[in-house]
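**Q** Let me begin by handing over the structure; questions about it come next.
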């Protein structure tokens, strides 16, 4: 977050950036600003417990899409990430987990071949290690610059999570602002427990497109996490300052048997 001050989009108050960051980027009015993947990992996992996987995987621009290679390179420099998701193993309140966190700064965390591959590998390692999988989604959907290779990741990630489910290992999906498009239509909505942050935009396509298509005015708060929880699409909404402790409690509740005998 650049600058000394930042304006809240909800209450319009001017906030001191350092104070906002101390409060995990949550305004006094409850508005949740977007976080980077690194900020979220630091917030969640026990100190020095996170080991990143597959950082060497990078997109090779398979379709030679104009400007795509330059955009990838620019995002890598600006974010210090190799791709739009960081995956690895860590501990949350001493509970071992496989963790994946998307970062919307990287081409809006769109899902291409590398993002899909990293999620599949994370699920496969969770299966091998007998650990729960936790994925934090924040995405604009499938990455158009990779065409059908991007769309394939919807099926690949879903298949990997099905194998995890058949093995009796839990997958917690945490939806943050925004979670849309092909990510919503695939792995993000397949969690054994679907968690969301307050006020997160969650849907397949944008509300303006829907209104233009059906020629009707959408209900207030449509596609926000509170609306989805009310209509059975989200199981629980957790405020960011409470995320670590409540996630640990839910993991302990759901993972007691599956974690027996796991080496830390």
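Cβ atoms are placed via backbone N, Cα and C, with glycine included.
OK, Swiss-Prot features for this one:
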DOMAIN    4-264  domain 'CoA carboxyltransferase N-terminal'
BINDING   8, 11, 27, 29  Zn(2+) binding site
ZN_FING   8-29  zinc finger
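Burial and contacts for the listed features, if you can.
**A** With a 10 A radius on its CB, residue 27 (Zn(2+) binding site) counts 18 other CB atoms from all the protein chains.
With DSSP states grouped into helix (H, G, I), strand (E, B) and coil, the zinc finger (8-29) comes out at 6 helix, 4 strand, 12 coil.
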**Q** Around the Zn(2+) site recorded as 8, 11, 27, 29, what other same-chain residues have a C-beta within 8 angstroms of the site's C-beta center?
**A** 9, 10, 12, 13, 15, 28, 30, 31
**Q** Within 10 Å of the Cβ of residue 11 (Zn(2+) binding site), how many other Cβ atoms can be counted across all chains shown?
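**A** I get 12 for this one.
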**Q** Can you give me the same-chain residues 6 or more apart in sequence from residue 29 (Zn(2+) binding site) with a CB-CB distance under 8 Å?
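**A** Long-range Cβ contacts: 8, 10, 11, 13.
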**Q** Just counting, how many other CB atoms are there within 10 A of the CB of residue 8 (Zn(2+) binding site)?
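**A** Other Cβ atoms found within 10 Å: 16.
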